[in-house]
């Protein structure tokens, strides 16, 4: 859950997001070390008049500043590729949900259940109850079982949209005529908020996403009440 003046990421609620946070810290450490070294060398050049004449045209120095950046790039690329393939891998999902973007609301269809589909609109500010979040609440939440591999099929019926839930590390484009897929697994119950992340018209900022993760038994009871 996000909070005012937040500088960092939201708490991870999926294995993919946990991997992304680790990769962010890994990359940030490398950037910090490189920046510190560069700033140190610049300050040294500005505060001293020493010149290393023996290294002005040295084959060893040129070799080092060629090989070292290559090693650093490999250290960044390998974990990045690993996460990329993890995000694309979908093995035996137990539930499939089809998401369609519209101007300016979402439609959800649970393909494993007959006639289980609904539209999800933002709750107007005037209709909010105490404690509810402005521009983030919807009339119909996406209820999903926790600790279950779920496949999301995402598309659009009009213009480009983007189905995004930051705490789950999800951001998938909804493109007319194309069906994209994403996988999600939540490690804990709760409400997780997102929004359309592709400018799609005048009401682009009024397309919130609310995922309610519940235990499997509660999900079964919900599907029974909806069908």
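Heads up, the Cβ atoms here are built off N, Cα and C, so glycines get one too.
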Swiss-Prot annotation of transmembrane segment - which of the ranges 15-45, 108-138 it falls on | 15-45
Of 60-87, 144-171, the range Swiss-Prot labels transmembrane segment | 60-87
Tertiary neighbours of residue 196 (Cu cation A1 binding site) (same chain, Cβ under 8 Å, six or more apart) = 101, 104, 161, 162, 163, 164, 204, 205, 207, 209
List the helix, strand and coil residue totals of the topological domain 'Mitochondrial intermembrane' (1-14) as derived from DSSP.
-> 0 helix, 0 strand, 14 coil
Can you check which residues sit near residue 198 (Cu cation A2 binding site), meaning Cβ under 8 Å from its Cβ, same chain, 6 or more apart in sequence, and list them in order?
-> 160, 161, 162, 173, 174, 204
Contact set of the topological domain 'Mitochondrial intermembrane' (1-14) with the rest of its chain, CB cutoff 8 A exclusive, min separation 6+ beyond the ends, reads 20-21, 24, 166-170, 184-188, 190-193, 213
